[in-house]
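S.K.: To start, I am sharing the structure in question, which I have written as structure tokens.
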Amino acid sequence: MATNSLTLESVRHSLIRQEDSIIFSLIERAHFPINSPTYSQSYVSNSIHTFSGSLLRFVVEETEAILAKIATNFGLQICLYIPGEVDAGRYANPEEHPFFPEDLPPSVVPPHNFAKFLHPPAASININKDIWDTYINKLLQLFVAPGDDGNYASTAASDLVCLQALSRRIHYGKLVAEVKFRESPQEYEPAIHTKDRDTLMKLLTFEKVEEAVMKRVAKKAMMFGQEVTLNKDGNLGKYKVDPSVVSRLYGDSIIPLTKLVQVEYLLRRLD
């Protein structure tokens with residue numbers, strides 16, 4: 001996507017498409033019970049003595065290291081320029097943010113020449129620590145059944161897909177904030193100068209839009225997650241992920257975290 005074609009409408013269309021990815025990832029994760037050992041540090045440390053962390057963290061760190069080496073040229077062609085940061089494959093793309101950026105290996109393939117769009121001092125915002133904590137400590141128990149089926153590696157792989165989809169959507173707030181600022185800088189500059197977070201949050205909040213998003217994702221969850229049967233009345237109203245839970249995930253976590261990214265971005269927009 002060329003920078004001159006990036007508008008608030010085009011960004012919104014991308015956010016709507018990302019809803020599909022998030023819902024499908026939740027459905028895939030819901031195939032497994034909670035499988036608590038996936039998140040236990042002791043489970044992995046007993047097998048991998050050189051690693052300190054959970055199985056999920058191990059899977060995420062190892063996957064990110066591989067993608068940093070080889071994955072490039074995906075998604076929007078908009079530059080995320082972070083002074084002093086090495087080109088790291090997938091994470092040179094502004095849509096992607098590593099959960100563990102420390103010591104990512106450099107890319108072994110030629111970097112893509114992304115066109116610059118984001119404001120450099122604000123482009124480095126990364127709230128994946130908040131997303132990680134929210135996902136594990138708050139979101140999982142809302143849509144995953146209790147229990148343990150022993151499929152810990154598959155569980156971690158499904159969690160990784162969920163985390164990546166959530167991170168991509170939430171950090172898209174930077175693009176939203178940049179487009180909004182360019183369209184009406186005079187609306188945001190006074191609050192930016194005074195570091196007034198509350199005013200910025202009010203400027204970024206449109207309750208009717210948020211309600212529409214929550215209704216739309218609930219409807220998508222009904223369509224994507226309905227149990228299919230050949231019987232007319234069989235499994236009617238049964239879903240792989242409760243649509244009301246998906247709506248709640250957006251209302252309580254995804255939308256607020258996206259707006260947090262927007263506020264943090266705008267606070268640095270005039271740096």
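Just so it is clear, glycine is given a Cβ too, placed from its N, Cα and C backbone atoms.
Reproduced below are the annotations present in TrEMBL:
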type	residues	note
DOMAIN	152-262	domain 'Chorismate mutase'
S.K.: As a quick check of your reading of DSSP, tell me how many residues in the domain 'Chorismate mutase' (152-262) are helical, how many are strand and how many are coil.
M.R.: 87 helix, 2 strand, 22 coil
S.K.: State the mean pLDDT for the domain 'Chorismate mutase' (152-262).
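M.R.: Looking only at the domain 'Chorismate mutase' (152-262), pLDDT averages out to 93.
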